[in-house]
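Dumping the structure here so I can ask a few things about it.
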Amino acid sequence: MSYVKKDLISTKDLSKDDIFSILSLAKDYKALNLEPVKKDPILKGVTVVNAFFENSTRTRTSFEIAAKRLGADAINFSSSTSSTNKGETLIDTIHNIEAMKTDIFIVRHYSSGAAKFVTKNTPSCVVNAGDGCNEHPTQALLDLLTIYEAKGSFSGLSVTIIGDIFHSRVARSNIYAMQTLGIKVKLFGPPMFMQNAEVFGCHICKDMDEAVMGSDAIIMLRIQLERSDGEVAFPSIREYSKYFGLTKTRMQKAKDDVIILHPGPINRGVEINSDVADDARFSSILDQVENGVAIRMAVLKTIYQNKFKA
């Protein structure tokens, strides 16, 4: 494997070779996951803790399945039933769980930079499972695997990310990784969710038609009102769908072989209509979910083995 760190916090830390190494291992694990016995006990005896301080369905379940298929003991930790509700700090929580001889922390937290902060306070391996508006590296990797499987190469590809760019950790991790791979990235969304988007160095589209046309893959994002603190003047759902939603009519302007991705959860009838999200000709959304397990198996194996290479 090319990647040499014991933590995965940002796709900025991944070289082109790192990305391809992880994707290659993930493809092997995807094949294993089709077998009757879906096990590679490379992490037998290893304790993996899903330390989630935000709600999650796909990511937490995916990491738990990934850890168990590698033979690890996977423990789910939820802040809603923990001593954080009594005032315990993030680091005190990590140190207490670490005292139980935890080997890998999967950290999801509402504060940007939380995962990086944890790495500075524990010798255990750490994977960023989403920190505030900052990053979500394994989501970007599973998106890349999904795109690669559909297109066979990253060469010459154009990918559009549409929606709440400002609050999206998925957008950031994808942008950084795609730029490393030489993929052209276009962005589009309501002005209030495109603040400072020019800093990414991507093409900013002027309307939905431009965003859709010529793209090999389109990543739709939901509006994250929970991160706006009530400061965003959100249009009505009908108005949002009219100007920024992906509909069958808009798909007529897309390439015939375009694929549609969405990190979930989907708000049907808002950023994407059901007849697009469920259309097998375009939708790769469930492929993303399947690929998430394989990617996270690859990441867990890689970082844990790296811990002993230093």
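Even glycines carry a Cβ here, placed using N, Cα and C.
These came from Swiss-Prot, pasted as-is:
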type	residues	note
BINDING	ARG58, THR59, ARG108, HIS136, GLN139, GLY264, PRO265	carbamoyl phosphate binding site
BINDING	LYS86, ARG169, ARG222	L-aspartate binding site
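Explain the structural surroundings of these features, please.
Around the Cβ of HIS136 (carbamoyl phosphate binding site), the number of neighbouring Cβ atoms within 10 Å comes to 27.
The C-beta environment of ARG222 (L-aspartate binding site), restricted to residues of the same chain at least 6 apart in sequence and closer than 8 Å, consists of GLY163, ASP164, HIS262, PRO265, ILE266, ASN267, VAL270, GLU271.
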Within the same chain, and leaving aside ARG58, THR59, ARG108, HIS136, GLN139, GLY264, PRO265, name every residue whose CB is within 8 angstroms of the centroid of the CB atoms belonging to the recorded carbamoyl phosphate site, in sequence order.
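Along the chain, the qualifying residues are SER56, THR57, ALA129, GLY130, VAL170, PRO263.
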Does THR59 (carbamoyl phosphate binding site) have same-chain partners at least 6 apart in sequence with Cβ under 8 Å from its own Cβ, and which are they?
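THR59 (carbamoyl phosphate binding site) has long-range Cβ partners ARG108, ALA129, GLY130, HIS136, THR138, GLN139, GLY292.
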Hey, does DSSP put THR59 (carbamoyl phosphate binding site) in a helix, a strand, or just coil?
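The three-state answer is helix.
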When DSSP states are folded down to helix, strand and coil, where does ARG108 (carbamoyl phosphate binding site) land?
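Reduced to three states, the DSSP call for ARG108 (carbamoyl phosphate binding site) is strand.
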Taking every protein chain in this structure into account, which of the binding-site residues LYS86, ARG169 has the most other Cβ atoms within 10 Å of its Cβ?
ARG169
